[in-house]
Amino acid sequence: MTSKVSSGSMDYSHRPHKPHPRDEDLYEYVLPDLTIKQVLDAIPAHCKTVSTYEGIKMWIRDWLMAYAAYRAFVFLDAALASTSASSLPTKVLAGTLLLSVRIFYALLQGTIGSGIWFVAHEAGHRTLTTSKTINEICGFINHSSMLIPYWAWRIVHANHHANTGHIHKDENYIPRTRQEKGLKPLRPAPVDEFSPPLTPTSADRASLSEDEHDGSSSHSSSVTAAEDIQIHHAIKEPSLGEWLAEYAEDAPIFNFVNIFIMEVFGMPLSLIINFGGQRKYPYGTSYFLPSSQLFKEKHRHLIILSNLGVAGMLAILANWIRISGWSHVWWAYFMPFLVTNFIVVMLTYLQHIDPEVPHLSEEVWTFSRGALCTVDQSFCGPIGDWFTHNLSRYHVVHHLCSTKIPAHHLAEATEAVIPLLGRHYRFRPEKNQLKTLWQNVAACKTIANKTDPVIFNLDANGHARAFHAKSKAD
C-alpha cells in the first residue's frame, strides 16, 4: 500500500486535526426529493392570495409604532435631561434613568425598525400588495430610511432566492475553504492500535486543500504513526502571523470579534464591497455601482434611483443633525439603526448558516433542495415574531414560495407543508438567538472544498456536525 504522505505534499498547518465526533452524534442529511408543485398543492389556496389591505396595514402599523416610540423618547429625554441639572442625588438618579430610557428606546425602536426592514423585503417579493407600484413605493421608502439601496438589494436578493444553497451561485453568506482563508490544511490525526481509522466523509477531508481534493472518498484525515512522524518533522515552525491566524479560528475572543464585525459592519460592507458574497465577482463589486456585475444593463436606472433614495436619507439626517444636534440624532436614529442591522444580520445568518444545513453543488442542486437549505427560528418568542412579521419564524416556506405566499399566511402555509416535508423541515425552537449565533459561528468556520456534491460547514478542528447519507434517489 502506497503511503498518502509524500515529500511534495507536506505543507500542513502545525495545528492537528483532532479526533472526529462519533457517527451517532452526527446529523444524517438526506437529499430531498420534492417538487415545488407538491409543496404548492399542499398549501390551502387562500394562503396564496395577496391582500393589499393586510399589506398596507403592516406598513402603517410599523410607521405608527416608530413615530409613537420617537415621540415618547423625545418627551422623556427632555424631561430627564432638565431634571439632571438639579442637586447631586437627583442628578445621578435622573442621569441613570436618562441612560436607561435611551437604551430601552434604541432596543425598542431598533426592533420596530426590523419590522420596517422586513416589510420592504416583502414589498421586494411583490407580496405586500397586489399593486406593483404600491409595492415599489413602500419598499423604496422603507429601505431608503434604513440606508439600503432598495432596487439594488431587491435584484441581488431575487438572485439569492433563485439559487439558495448553491455553493457557486448563491449570493449571501458564502462559506470559505481553509485555502481561501489563507490557512494551510490541518495536520492529519495519527491512528494507533487503540484508535481505529474513521470512515472517510467530506468532513474528514478538511485537512486537504481544495487543489489536492479529487472528489473521491479515498482520502482520510487519519494517518499511520509512521506517516505522522514524517509529517511532524516536515512541518515548518509557524510564523507569528500563521500562529495567530490558526488559533484565532476557535479562540473565544476572536469568535466575539468575528460576530462583532459581522453584526456591526456586515450590512454596510456587503452593500459597499459585496462582503460575504461570491468571489467570482471582481474586486470593487458594489450594490451602489450601476456597472456592477451584480446587475444587468436594464437595471442601471434602478440602481441610480436606489442611490438617490439613500442620498436623500443622508441629506435628511444631515439636516436633522444641524437642527437637533449630533447627540439627539445619535440616540434617536443611529442607535436604533445599529439594533435593526444587528437583528436583520443575525436572523438572516441563522436562517442560512447552520451545522446541519449543507451547501449543494451543481451536480445535486435543485430549486426545492436549495430552498430547504434554510431554517425556521423564532425571534425571542411570539412577541419578537410579531415585530418581524413572522419572516424568520416561517422562513422555509417563504423560500419555497417567495412570490406566492404573503407574510400573514406563512404560519398556516407552514403548518400545511410540515407533514409533506417531514425530516427535511428544520425548526430551531431556541428563543435565545444570541446563544445560537455564538454556537453557529463557532461550528461553521470553513468548508472542506467546493467540489463535493453535498458540502457541510466545519468547525476549527475540521469537523462537520452532519454527513450526507445517500438515499435511493441519489
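Every residue gets a Cβ built from N, Cα and C, even glycine.
Feature list (source: TrEMBL):
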COMPBIAS  1-10  compositional bias 'Polar residues'
COMPBIAS  207-216  compositional bias 'Basic and acidic residues'
DOMAIN    104-177  domain 'Fatty acid desaturase'
DOMAIN    277-426  domain 'Fatty acid desaturase'
REGION    1-23  region 'Disordered'
REGION    181-222  region 'Disordered'
TRANSMEM  64-83  transmembrane segment
TRANSMEM  103-120  transmembrane segment
TRANSMEM  302-323  transmembrane segment
TRANSMEM  329-350  transmembrane segment
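The average pLDDT for the domain 'Fatty acid desaturase' (277-426) in the predicted structure is 95. Counted over residue pairs separated by six or more positions, the transmembrane segment (64-83) shares fewer than 3 Cβ pairs under 8 angstroms with the transmembrane segment (302-323), which leaves the two as not touching.
Using a Cβ-Cβ cut-off under 8 Å and counting only residues 6 or more beyond its ends in the same chain, the transmembrane segment (302-323) has close neighbours at 140, 143-145, 147-153, 155, 287-290, 292, 295, 329, 333. Broken down with DSSP, the domain 'Fatty acid desaturase' (277-426) shows 91 helix, 4 strand, 55 coil. According to DSSP, the secondary structure content of the domain 'Fatty acid desaturase' (104-177) in residues is 48 helix, 2 strand, 24 coil.
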